[in-house]
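*Asks:* Quick one: this structure, given as structure tokens, is what I'll be asking you about.
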Amino acid sequence: MACCRTVRTYLVVACGGVLGALARWAVSLGLPHTPGSWPWATVTVNLTGCLAIGLLLAVLLARSPGHPWLRPFLATGVLGGYTTFSTFAVDAAQLVEAGRWPVAAAYVLVSALGGLLAVVVGLAAGRRVVR
Amino acid sequence: MTALWVALGALVGAPLRLAADRAAARWRGTGTVVGILAVNVAGSLVLGAVLGARDLDPAVVALVGTGFCGTLTTFSTFGYDVVRLVEERRVGRALGYLGGSLVLGLAAAAVGYAALR
């Protein structure tokens, strides 16, 4: 039934989101950050998460594009919760607030270009695996 | 205890992101990035306010900040969608989405951060 499928998708995304968020929180404990310093934890989760989503979707879209819950659980849920745009944006705002403009600019560049590069590398690696 | 607050916030944030993405898809068609753009900007504004506020209870920061805002927003889907748009040869849209997310997201975070200080 369509309504059951919708409810299941939301539940699966919620569960995956919790797992991803807890993993992100664990990384932030391992790489503590004070406002205005280089945000290693956020860079780590966002770049590894971008690599992982490229790998995952390359494999998933080739092998089982119609799978009912794998993409919602792993991509929308786990990786969506593991990576964060808001922390990235506030980290950058805090660097600016601290007067560290060049570091803020470097952080935005590393996150954005690094994230896109990570997706491209993940997609290429995943496509090699399933070819 | 902090883990519980993070988990509770994420339990709401992740499905809300899906709901926004689906609402945007009904409005603009499948494959639109408007829903993710909206949650990323809104989440940046709220997180800015949470982290900018003075003397906020650490439990509130864990629940609303790390859990809810952190999970409502996403960097992996954002990055994937930019690359997907380029692969679909919609380069102008990809660049607009990339630039728009950065400008609006950073501005929202800065406004939120300054608002409650």
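Easy rule for this one: first residue shown is 1, then count along the chain.
Cβ from N, Cα, C; glycine included.
Nobody curates TrEMBL annotations by hand; they come from automatic prediction.
Reproduced below are the annotations present in TrEMBL:
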TRANSMEM  A:7-26  transmembrane segment
TRANSMEM  A:38-61  transmembrane segment
TRANSMEM  A:73-92  transmembrane segment
BINDING   A:Gly80, A:Thr83  Na(+) binding site
TRANSMEM  A:104-125  transmembrane segment
*Asks:* Which range wins on Cβ pairs under 8 Å with the transmembrane segment (A:73-92): A:7-26, A:38-61, A:104-125?
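*Replies:* The stretch with the most contacts is A:7-26.
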*Asks:* Residues of the same chain, at least six outside the transmembrane segment (A:38-61), with any C-beta under 8 angstroms of its C-beta?
*Replies:* 23-24, 27-28, 30-32, 67, 70-71, 74-75, 79, 82-84, 87-88, 91, 103, 107, 110-111, 114-116, 118-127, 129-130
*Asks:* Give me the count of other Cβ atoms within 10 A of the Cβ belonging to A:Gly80 (Na(+) binding site).
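*Replies:* A 10 Å sphere around the Cβ of A:Gly80 (Na(+) binding site) contains 34 other Cβ atoms.
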*Asks:* Would you count the other CB atoms within 10 A of the CB of A:Thr83 (Na(+) binding site), including those on all shown protein chains?
*Replies:* 30
